[in-house]
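As annotated by TrEMBL, Zn(2+) binding site applies to CYS11, CYS14, CYS30, CYS34.
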Amino acid sequence: MLRVVTRKYACRQCGKPALLEPSNPWRPFCSERCKTLDLGEWFGERYSIPAESQDDFSEAADLPPPNSPRPQ
Ligand SMILES: [Zn+2]
């Protein structure tokens with residue numbers, strides 16, 4: 001006896017049930033909107049990686065200026 005398996009999946013974007021079937025062109029998302037949002041976040045993270053020059057700047061800002069008195 002076969003059980004009917006409903007191939008539902010939590011949408012990676014909003015968590016709502018999404019169909020994992022060919023009828024759903026946006027799988028594993030529930031809709032085009034969620035798919036677009038996810039891709040947008042992915043690319044956003046990729047392009048928001050700070051450049052090395054920014055790291056150097058923040059490290060330099062932590063050091064006291066050479067002329068400032070040092071607390072003992
Ligand atoms: Zn969704």
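Note: Cβ is positioned from N, Cα and C throughout, glycine not excepted.
Neighbour count (other Cβ atoms within 10 Å of the Cβ, all protein chains): 14 for CYS14 (Zn(2+) binding site).
Apart from the site residues CYS11, CYS14, CYS30, CYS34, the chain places the Cβ of ARG12, GLN13, GLY15, LYS16, ALA18, TRP26, PHE29, SER31, ARG33 no farther than 8 Å from the centroid of the site's Cβ atoms, the recorded Zn(2+) location. When Cβ neighbours within 10 Å are tallied across all protein chains shown, the highest count among the binding-site residues CYS30, CYS34 belongs to CYS30.
Counting every protein chain shown, the number of other Cβ atoms lying within 10 Å of the Cβ of CYS11 (Zn(2+) binding site) is 20.
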